[in-house]
Amino acid sequence: MSEAKVFDATAATELVKELRGTFASGRTRSYEWRVSQLESILKLSADHEEEISDAIHSDLSKPALESIIHEIGMVKNSCKLALKELRRWMTPEKVQTTITTFPSSAEIVPEPLGVVLIISPWNYPFCNGRVGRIVMAAAAKHLTPVVLELGGKSPVVVDSKINLQVACRRIIAGKWGGNNGQACVSPDYIITTKEVAPKLVESLKQELERFYGKNPLESKDLSRIVNANHFDRLTKLLDDDKVSGKIVLGGEKDKSKLQIAPTLLLDVPRDSLIMTEEIFGPLLPIITVDKLEDCFEIVNSVPKPLAAYLFTSNKNLKEQFVACISAGAVVINDTTLHLAVSTLPFGGVGESGMGAYHGKFSFDAFSHKKAVLYRSFAGDVAMRYPPYTPGKLRFLKALLGDGILGLIRALLGWS
């Protein structure tokens with residue numbers, strides 16, 4: 001693994017003090033300064049693309065295409081979008097006022113929150129529920145807001161009467177083509193009917209062999225498991241007595257190279273280890289049901305996932321899935337692709353996280369929306385000041401809720 005620099009408490013305190021001093025100076029607030037930073041990140045990403053890709057490959061054996069598209073490319077695109085839209089994002093938003101404050105004008109001014117700590121470990125910005133609670137508890141002591149992008153068990157529901165080959169290719173791309181399952185939005189398990197399951201398994205087998213060959217442990221297009229601890233954790237999931245006889249493809253391992261082949265497991269029990277924790281690896285269990293509508297009970301009986309995927313041609317099922325499944329995101333007839341849409345927020349709900357980012361949502365995540373009201377010295381209403389009288393009360397009640405007619409009646413002294 002690449003060498004990581006660790007700060008001790010004293011060094012961290014000094015660093016935060018220095019950063020807060022820089023922010024307090026106002027230097028980082030201007031449009032020009034922000035543009036210079038974005039341009040620097042963009043240049044660094046472009047100039048060192050090969051070195052970054054090589055470093056990721058050294059850590060994870062991650063294919064260059066995945067690193068360039070999923071990581072470097074997303075950073076570059078985010079910078080380009082911010083450079084294009086930043087001035088508009090920074091512009092205060094004019095909002096309407098009411099008769100209560102007449103004459104007046106108002107706006108919402110986005111201001112930077114200040115110094116931000118971004119915790120981003122080895123694959124993508126990831127955490128889990130346990131670590132999220134630790135981070136949130138630490139932040140709460142200082143009333144510091146948090147954005148938590150955690151993870152969870154993202155389901156894939158597969159209907160009948162679909163293009164099964166395309167569906168399988170897209171499931172594979174999201175599962176094994178995304179860091180070999182080691183991604184927070186990776187498909188975690190499949191739900192399908194007993195009727196569809198055999199055809200689905202056969203199609204997955206065919207496409208997996210087409211993509212990674214007959215011996216996937218020799219494939220150059222699959223990342224390895226990040227470390228021995230995670231390898232052992234995944235092995236434990238496979239060795240569970242409840243699923244060890246359920247493997248219908250794969251299961252091969254090479255601990256010396258930290259490699260595990262793409263593995264399908266059919267008809268796994270819902271109380272097995274593999275179904276009670278986020279897999280975060282190349283194992284894909286399949287749950288079968290009598291009718292596809294049973295998927296709603298299964299998905300909604302566990303903590304809310306970071307993403308939920310549905311493959312169907314049924315319009316009613318699409319609408320029901322979007323309406324009834326609570327998840328960070330829902331994707332119909334594909335997997336993980338919502339990350340590429342900068343106009344969509346990326347984040348979780350419940351156990352899968354809170355807050356969101358990507359595109360303008362990132363700008364908003366690190367901003368305070370400051371309410372600003374402007375008034376002149378004209379239009380000062382004596383009714384708001386003591387001494388209070390029944391007439392003043394009638395006037396103010398009308399002003400706050402009775403509309404123009406009520407206001408006129410109050411001014412005329414009518415009850």
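Keep in mind that glycine also has a Cβ here, set from the backbone N, Cα and C atoms.
Residues annotated as active site in TrEMBL: Glu149, Cys184. The domain 'Aldehyde dehydrogenase' annotation in TrEMBL covers 8-127, 130-372.
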Mind telling me which of the active-site residues Glu149, Cys184 has the densest Cβ neighbourhood, counting other Cβ atoms within 10 Å?
Cys184
Please work out the helix, strand and coil residue numbers for the domain 'Aldehyde dehydrogenase' (8-127) from the DSSP assignment.
75 helix, 12 strand, 33 coil
Sorry to bug you, but what's the C-alpha spacing from Glu149 (active site) to Cys184 (active site), rounded to the closest Å?
9
If I take every residue in the domain 'Aldehyde dehydrogenase' (130-372) and average their pLDDT values, what number comes out?
96
